[in-house]
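Novice: One structure, as structure tokens, below. Some questions next.
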Amino acid sequence: SLLEFGMMILEETGKLAVPFYSSYGCYCGWGGKATPKDATDRCCFVHDCCYGNLPDCNPKSDRYKYKRVNGAIVCEQGTSCENRICECDKAAAICFRRNLNTYSKIYMLYPDFLCKGELKC
């Protein structure tokens, strides 16, 4: 769920999901369109695509369990949906960490009307 994803983001990046990733660029937050603005926004685009591959799951509300082993995120065994949601969230949180050096505050609270066009997964 968004709760676990938010914790993963905080643990990986040291930043709170809200406000740092909740409406960043064109893809972080609800929905998305256009070309991602930077590497962090691209993490969100890929995350949206990952969720899009889970049509029978509820990624924003389905809870899952994960732990850390030697600092690494390990998704714990759950239902098929829980496992796949956790893996999507894990990949995004790691992607955010890997791209912290290019995170730009100019894309925080980015206005939706500046995001034009469609990009397919």
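Each residue's number is its place along the chain shown, starting with 1.
Glycine residues also receive a Cβ, built from the backbone N, Cα and C atoms like all the rest.
So Swiss-Prot lists the following for this protein:
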ACT_SITE  His47  active site
ACT_SITE  Asp89  active site
BINDING   Tyr27, Gly29, Gly31, Asp48  Ca(2+) binding site
DISULFID  Cys26-Cys115  disulfide bond
DISULFID  Cys28-Cys44  disulfide bond
DISULFID  Cys43-Cys95  disulfide bond
DISULFID  Cys49-Cys121  disulfide bond
DISULFID  Cys50-Cys88  disulfide bond
DISULFID  Cys57-Cys81  disulfide bond
DISULFID  Cys75-Cys86  disulfide bond
Novice: From the Cα of Cys86 (disulfide bond) across to the Cα of Asp48 (Ca(2+) binding site), what is the distance in angstrom?
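Specialist: About 13 Å separates the two Cα atoms.
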Novice: In sequence order, which residues at least six apart in the same chain have a CB under 8 Å from the CB of Cys81 (disulfide bond)?
Specialist: Leu54, Asp56, Cys57, Asn58, Asp62
Novice: What other residues of this chain sit with their CB within 8 A of the center of the CB atoms of Tyr27, Gly29, Gly31, Asp48, the recorded Ca(2+) site?
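Specialist: Apart from the listed residues, the neighbours are Cys26, Cys28, Trp30, Gly32, Cys44, Phe45.
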Novice: Among the disulfide-bonded residues Cys26, Cys44, Cys115, Cys121, which residue has the fewest other Cβ atoms within 10 Å of its own Cβ?
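Specialist: Output over disulfide-bonded residues Cys26, Cys44, Cys115, Cys121: least Cβ neighbours within 10 Å is Cys121.
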Novice: Can you tell me which recorded positions out of Cys43, Cys44, His47, Cys49, Cys50, Cys86 are within 10 A of Cys26 (disulfide bond) by Cα, answering none if there aren't any?
Specialist: Cys44
